[in-house]
Amino acid sequence: MLHPETSPGRGHLLAVLLALLGTAWAEVWPPQLQEQAPMAGALNRKESFLLLSLHNRLRSWVQPPAADMRRLDWSDSLAQLAQARAALCGIPTPSLASGLWRTLQVGWNMQLLPAGLASFVEVVSLWFAEGQRYSHAAGECARNATCTHYTQLVWATSSQLGCGRHLCSAGQAAIEAFVCAYSPRGNWEVNGKTIVPYKKGAWCSLCTASVSGCFKAWDHAGGLCEVPRNPCRMSCQNHGRLNISTCHCHCPPGYTGRYCQVRCSLQCVHGRFREEECSCVCDIGYGGAQCATKVHFPFHTCDLRIDGDCFMVSSEADTYYRARMKCQRKGGVLAQIKSQKVQDILAFYLGRLETTNEVIDSDFETRNFWIGLTYKTAKDSFRWATGEHQAFTSFAFGQPDNHGFGNCVELQASAAFNWNNQRCKTRNRYICQFAQEHISRWGPGS
């Protein structure tokens, strides 16, 4: 089994050789160095795992401790690049001269050694040993020493790693090329001086929002910043599945709610069941929570008639879902505004209410009015209460602005009754709508 440690004698010999060879292998090995047939394949899975684990372990051992050190993940594409560069055996190529490698924003650690002198694990360990000659406080390497392997290996913002190895020949000698590629690259310079590779501080104390998790294996000295296993900071109940991209629970049949915490056994007598909300959409002429109540159309309570539809404006305030239920009990739905005409007429009418005594509830929240539009995280779009997609829109400037927290839509008085997404628990007045098809099928006195 390979270990990063080497015997004292062999380690000293390797250190001397590395110091002699340096990092710019094209300057050490002559142009007549010839490429040999590739080794039998690239690094195998076990070798890749060993190198990745070693890199992360060494990154957790830096002193002083790193506050922003990222955990490295293996990249097959970087491994292919590293394998291709190892196969060059140190020979300059037009692509290298043109800066192709630099445009890829890839950082490199490279070494040529006599074949069989060292394993890849030992080479990486010796790169890390360069850190003994590096001063983090001064941000520089000791005089006449090389530390660039070390600084790239522990560059905090590098998050992807891939390595390759190739056997070359130089006359009678067999030479082994070791290459590791890192992305994003490190060893950036300012005014000719390489900046420090990481910020010192308590482990994981300066992780960015996208990598706010803290990874620490059993053999790590400190933690490494990583994409959190559960960035949503939530879990789904009753065998629901969490989509960490949308922070939405996909519930099994029979359950609903944000966390699949609500058992839904509702039966719709005269209507269709909406599983995502555990509610019924009633057939024409029926109302109530289960669409079991026969209702009569109350012509005398229409506040507005627009293209045959009846709109009723409530005088009391309630939360969005209670308001929707109250409309349904009457055989209607929360208003669905599907054209500029309806929007303009409702805005004009509600604006007049502001100057009359028709607002009987003094609650400050009742200046706004619920309509039947909500944001559905599962569909990543706003939908009407009947499930239809929202085509027409009249959101106020800067709205909608808080998906996931303000999922219900109101007509906002301060924005000339254009739309605003709001917390569903807010108490607003509301507008019920009875479609023309409802009215024609019920008929007067039915």
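Using N, Cα and C of the backbone, Cβ positions are placed for all residues, glycine too.
When the candidates CYS247, CYS251, CYS268 are compared with Swiss-Prot, only one is recorded as disulfide-bonded to CYS260, and it is CYS251. Disulfide connectivity taken from Swiss-Prot links CYS327 to one of CYS225, CYS424, CYS432, namely CYS432. If you take the Cα of ASN144 (N-linked glycosylation site) and the Cα of CYS236 (disulfide bond), they are about 58 angstrom apart, rounded to a whole number.
Across the domain 'C-type lectin' (306-433), the DSSP tally of helix, strand and coil residues reads 31 helix, 39 strand, 58 coil.
Counted with DSSP, the domain 'SCP' (52-182) comes out as 47 helix, 37 strand, 47 coil. Cβ neighbours of CYS251 (disulfide bond) (same chain, under 8 Å, six or more residues apart in sequence): CYS236, ASN238, GLY240, GLY257, CYS260.
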